[in-house]
């Protein structure tokens, strides 16, 4: 953006730099948050509602870690309701393998808990639940910058609806995006479900 012949500082940064600044700000806000059991319960309720409304029987999800919005209640609910849950296992080459979760975990290569179990192909899924730092009003997702899900999602065959779990204040007006960024189908917040496409009920 040019103002009076000058290029703005944000444009000088470029999209990648803008994303990094936004990530840092969002991570700082999460660190200042306290765990809220009501928010965790509401996230579970909305995710469960989405599964029931769409007849979901096989999903990919993730184990929330640190300051991420809670997914443990939802995973427990899914298993109790006979929904097969695949969870990611990180590899040093920047890819994700997928494990059919049986309730057991082990420490992953980055030091946080990951599922242990049999590796399976992530095919014929009804829903993919992904982490995010923020989502904008157009469904563009901001991840943590390592690109794990940017590489993983194109490998799903076929690609099912994708939803991200965030806190209410992380639903933003806009997020800087690049050509390889693609919108997700919905964002799940403690307040409800925000749909961006018509792929989900």
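From the backbone N, Cα and C atoms, a Cβ is placed for every residue, glycine too.
What TrEMBL says about this one:
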type	residues	note
BINDING	19, 20, 21, 22, 23, 141, 142, 143, 144, 145, 146, 147, 148, 149	ATP binding site
BINDING	63, 68	substrate binding site
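Features as recorded by TrEMBL, highlighted on the structure.
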residue : record                 : Cβ neighbours (10 Å)
19      : ATP binding site       : 20
21      : ATP binding site       : 12
23      : ATP binding site       : 16
63      : substrate binding site : 18
68      : substrate binding site : 18
142     : ATP binding site       : 22
144     : ATP binding site       : 14
146     : ATP binding site       : 11
148     : ATP binding site       : 19
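On the backbone, the CA of residue 23 (ATP binding site) and the CA of residue 68 (substrate binding site) stand 13 Å apart. Within the set 19, 20, 21, 22, 23, 141, 142, 143, 144, 145, 146, 147, 148, 149 that the record links to ATP, no two Cα atoms are more than 20 Å apart, and one pair reaches that distance.
A straight line from the CA of residue 148 (ATP binding site) to the CA of residue 63 (substrate binding site) spans 15 Å. Look at residue 144 (ATP binding site): DSSP puts it in coil.
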